[in-house]
Amino acid sequence: MADAIKNEVGSSPSGKKITVVFVIGGPGSGKGTQCSKIVKNFSFTHLSAGDLLREEVKSDTEQGTMIKNLMHEGKLVPSELIVKLLLKAMLQSGNDKFLVDGFPRNEENRHAYDNIIGIEPEFVLFIDCSKEEMERRILNRNQGRDDDNIDTVRRRFEVFQESTMPVVQYYEKRGKLRRVDGAKSADEVFEDVKAIFVQLNAQANQGSGVSRAQSNPFKRFLDLFCGCFGTQEPTN
């Protein structure tokens with residue numbers, strides 16, 4: 001695996017800044033829809049912590065089995081493991097721009113990300129939507145999902161308020177929060193989102209000549225990966 005990662009690292013622009021954007025919003029706020037539009041228009045790699053966990057469960061690995069057992073027992077997957085899966089997906093993407101969907105979900109997630117990956121997000125996109133509107137959307141999805149009943153939806157919203165809003169407030173205090181009105185139509189929301197990412201691109205172009213703290217951030221990623229997963233970088 002280390003060989004494959006080394007090849008991917010080598011194919012990426014040496015010394016190019018790694019851009020991370022977190023996308024946070026309550027259940028039914030429209031995060032997935034907006035992430036799809038951002039990927040299409042701004043060439044980000046979309047990473048969902050939930051999707052990565054589900055993919056790992058499907059894999060025939062000791063780690064996947066452990067995650068599956070934790071889920072069956074109703075226990076939370078350790079934040080450190082979630083962050084390592086994000087790191088692995090970042091490395092394997094070959095991209096340098098990442099849109100991390102629905103993460104961090106809580107302060108424990110945030111601390112684990114800071115400790116393991118430590119790349120400051122450019123900003124946190126917060127899709128702000130009222131409880132009533134999110135309830136209406138979820139209950140009208142008509143997807144036959146067991147969790148789309150009013151009691152479960154309200155509980156999910158309570159968990160979001162209790163666990164995720166402190167993360168939102170943390171980044172807001174740091175001047176990193178970009179809030180958009182999620183109650184609008186998907187296209188209207190994206191007009192607001194697009195303006196934020198256009199500004200990000202403009203800032204990146206202006207700062208392209210500034211020296212980077214990491215001479216080769218992909219090499220740093222490789223070092224992190226080897227440390228997290230117990231592999232060794234092969235010598236030439």
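Here the Cβ of each residue, glycine as well, is placed from N, Cα and C on the backbone.
According to TrEMBL, the ATP binding site annotation covers Gly28, Ser29, Gly30, Lys31, Gly32, Thr33, Arg141, Lys184. As annotated by TrEMBL, ribonucleoside 5'-phosphate binding site applies to Arg54, Lys75, Leu76, Val77, Gly102, Phe103, Pro104, Arg105, Arg145, Arg156. Annotation source TrEMBL lists CMP binding site at Asn109.
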Legend entry - Minimum Cα separation from Ser29 (ATP binding site), reported as the residue among binding-site residues Arg54, Leu76, Gly102, Pro104, Asn109 that achieves it: Gly102
Legend entry - CB within-chain contacts under 8 A for Gly28 (ATP binding site), separation at least 6: Cys129, Glu133, Met134, Glu135, Arg137, Ile138, Val153
Legend entry - Alpha-carbon distance [Arg54 (ribonucleoside 5'-phosphate binding site); Lys31 (ATP binding site)] in Å: 18
Inset, instruction - Any same-chain residues 6+ apart from Thr33 (ATP binding site) with CB under 8 Å of its CB? Would you list them in sequence order, or say none? - result: Ala186
Inset, instruction - Compare the C-alpha of Lys184 (ATP binding site) with the C-alpha of each of the binding-site residues Arg54, Leu76, Gly102, Pro104, Asn109, and give the closest one. - result: Gly102
Legend entry - Separation of alpha carbons, Gly32 (ATP binding site) and Pro104 (ribonucleoside 5'-phosphate binding site) (Å): 15
Legend entry - Candidate with sparsest Cβ neighbourhood (10 Å radius) among Ser29, Asn109, the listed binding-site residues: Asn109
